[in-house]
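A.B. asks: One structure coming up, written as structure tokens, with questions to follow.
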Amino acid sequence: MSIGPPTPTLTNIFLYISLIGYVIIIITFLLFYKKQNLRRKQLFSLSVYDLLNVIIMLIPTKEGTKLCHGQALLTILFSVMAPFWAMMIAITIYLALIKDKQNMFLERLFKWSHLINWIVSILFVIPPAIASPKVKQYMDYCYYDGWYMLSLYIWYWIAILICLVLVVISLLQITKSIRQLKQLNPDFKTKTKKQIYQNFRMLAIPCVFIWCYLWPSLHRILQFFQDKIPLWIRYMHVVNFTLDGIAYCLIFIVFDKSVRVQYKNLFRRRSSKNQKLNVNLIKKKDAENSSSSYMDTSETTDDTSGGFMED
């Protein structure tokens with residue numbers, strides 16, 4: 001049986017799976033906002049822009065309408081923003097591990113990153129906004145083709161290469177640190193192991209980005225040079241490009257012990273509150289029952305005494 005090209009239904013299924021992952025990350029971040037560190041803030045920013053991009057892609061539009069052009073412009077805007085934050089996560093890990101930058105410097109960089117991200121993204125949006133090129137449509141989704149799409153995927157390749165270089169350098173540094181651990185005392189070794197594990201987990205985010213964005217970038221670049229694209233590349237594009245949300249969610253929640261502990265504490269607090277409410281309700285019911293039984297006994301006492309006096 002021959003396998004056909006990826007269908008719109010398959011694409012939408014994976015988009016919704018990715019959307020669920022982003023929503024879980026955002027809800028978790030907001031639930032425990034006061035306990036979030038810089039790395040989680042960066043992943044939160046990445047998830048917000050990726051979520052907005054997925055929502056824009058899922059809005060049904062008709063070709064030739066203003067909404068269609070708006071969808072194409074917003075797709076470029078948010079498609080530039082998400083890779084930027086993947087790069088910033090890789091850069092932050094590099095600065096922390098290799099350059100030994102302090103948290104205060106990294107926090108300032110994080111704040112400036114929002115402004116830089118918007119400036120870079122708007123620069124990508126200005127040319128198609130002015131030229132107003134012809135819009136193409138896939139399913140109910142509108143996008144700009146040609147050089148505008150090519151520039152977007154060149155941006156993807158730049159982000160992929162930067163992340164790849166920084167991940168390799170950071171991994172080499174972590175490997176060097178692990179070798180040095182053998183010469184340290186056991187107490188310090190335990191703390192350092194925990195920190196190294198956190199760095200490994202955070203490096204997983206740019207690694208997921210590299211893997212998920214590699215296939216659509218390869219697919220679109222090949223389209224400019226040949227008409228026939230291998231079917232397996234098209235499937236790798238659809239499947240991997242839309243699974244980064246659930247992959248980030250696993251890294252952020254499932255593989256992060258502190259987040260799991262925060263959820264456990266939250267459920268424990270709620271269960272203890274429910275138990276207290278149940279105890280209070282039981283006490284109230286007992287009080288009501290005792291008062292009602294007292295009234296019943298007083299009434300029966302009056303009746304019997306009345307009857308006895310009559311006798």
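Placement of Cβ uses the backbone N, Cα and C atoms for every residue, glycine included.
Quick paste from TrEMBL:
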DOMAIN    1-255  domain 'G-protein coupled receptors family 1 profile'
DOMAIN    7-172  domain 'G-protein coupled receptors family 2 profile 2'
REGION    288-311  region 'Disordered'
TRANSMEM  13-31  transmembrane segment
TRANSMEM  43-60  transmembrane segment
TRANSMEM  72-97  transmembrane segment
TRANSMEM  109-130  transmembrane segment
TRANSMEM  154-175  transmembrane segment
TRANSMEM  196-216  transmembrane segment
TRANSMEM  236-255  transmembrane segment
A.B. asks: In the same chain, which residue numbers or ranges, 6 or more beyond the ends of the transmembrane segment (72-97), come under 8 angstroms Cβ to Cβ?
C.D. replies: 38-39, 42-43, 45-46, 49-50, 52-53, 56-57, 105-106, 109-110, 113, 116-118, 120-122, 124-125, 128-129, 135, 142-144, 148, 152, 155-156, 159-160, 162-163, 166-167, 169-170, 173-174, 199, 202-203, 205-206, 209, 213
A.B. asks: Cβ under 8 Å to the transmembrane segment (43-60), counting only same-chain residues 6 or more beyond its ends: which ones?
C.D. replies: 12, 15-16, 18-19, 21-23, 25-26, 29, 36, 67, 71, 74-75, 78-79, 81-82, 85-86, 89, 113-114, 140-141, 205, 242, 244-245, 248, 251-252
